[in-house]
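Features as listed in TrEMBL:
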SITE      TYR4  site 'Interaction with substrate rRNA'
BINDING   HIS19, HIS42, SER100, GLU118, ASP143, ALA144, ASP164  S-adenosyl-L-methionine binding site
ACT_SITE  ASP164  active site, proton acceptor
Amino acid sequence: MLSYRHSYHAGNFADVLKHLVQVAVLDHLRLKDKPFLVHDTHGGAGLFAVDDAHMQKTGEYRDGIGRLWERRFEAPLINRYLNVVAGFSRPGALSHYPGSPAISAALLRDQDRLQITELHSTDFELLEARFGGDRRIRLARQDALAGIKALLPPVHKRGLVLIDPSYELGGDEAATLEAVEEGLRRFNTGCFAIWYPVLERRRADRFAQRLMALAPKHLRAELCVLRDGGARGMTGSGMVVLNPPWTLGEQLQTALPILHRTLDQGGGTQRLVLSS
Ligand SMILES: C[S@@+](CC[C@H](N)C(=O)[O-])C[C@H]1O[C@@H](n2cnc3c(N)ncnc32)[C@H](O)[C@@H]1O
């Protein structure tokens, strides 16, 4: 049974890095008129009200989007991400934080498509209520791997596959590797962006390396807000991007040190690994 609800964690430091990368990839795809597809394997609920009991209970967003909100930085990508997030709130107050489906929907053009798979019944109903009427968006209450098999490849061979598991089950890393391999077999021109948590250093490194080994062109961006082993739970998180836009490495080179300075909670690190 799935118990993870992203509503407790929306807007935290991990979401900031994840959604910053998502915005960068989508903006790159939008540079050409040709249609693209976003395939979001773990949709979550789509959009989160900041005054909701779940977000308020953990307050994690305060050390994520809360530290960036209404500020401007010497990194165009951070400012662009903040503008996208601000599009969901009234001026002045952070009222809503967008999940990956809402970010994609906001950046989709008429000719583009979004496919979302999500297993949790409550979150799936929220997705249906929010996006059910949008003809550009297809929702499936389906397992991530089954969705990749059923819904890829896209007609036009451009797009982003966003893979954001909750890693709540022991086999989630293996399942993610299998899903990425299957996705690449079907859609090897696609950009694949995979989120991973840093709970234990060696395990995170091993997993990220195995993901990067799946495609010759890749990057790994990691932001830790606490020193390794400095907390019981997650001390950081990262994104492995396979077939990244050629501009992403440079954008992150500027953005990551600023995110680190702004979001650090004590002894954290940032790193960017680029394939040659
Ligand atoms: C980290 S959350 C996704 C957050 C979302 N991508 C965002 O950025 O707003 C992970 C989601 O995956 C869902 N999930 C867990 N296992 C799944 C599976 N095997 N297939 C599809 N969805 C799954 C969970 O119910 C949860 O909503």
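Just so it is clear, glycine is given a Cβ too, placed from its N, Cα and C backbone atoms.
Feature map: TrEMBL annotations on the structure.
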residue : record                                 : Cβ contacts under 8 Å, 6 or more apart
TYR4    : site 'Interaction with substrate rRNA' : HIS120, SER166, GLU168
HIS19   : S-adenosyl-L-methionine binding site   : TYR81, VAL84, VAL85, PRO98, SER100, ILE103
HIS42   : S-adenosyl-L-methionine binding site   : THR117, GLU118, ALA144, ILE163, ASP164, PRO165, SER166
ASP143  : S-adenosyl-L-methionine binding site   : THR117, LEU119
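Most buried of the binding-site residues GLU118, ASP164, judged by other Cβ atoms within 10 Å, is GLU118. Packing around ALA144 (S-adenosyl-L-methionine binding site) is summarised by its Cβ count: 25 other Cβ atoms lie within 10 angstroms of its Cβ, all protein chains included.
All protein chains considered, the CB of SER100 (S-adenosyl-L-methionine binding site) has 26 other CB atoms within 10 Å. TYR4 (site 'Interaction with substrate rRNA') carries neither a helix nor a strand DSSP state and counts as coil. Annotation note: GLU118 (S-adenosyl-L-methionine binding site) sits in a coil segment as assigned by DSSP.
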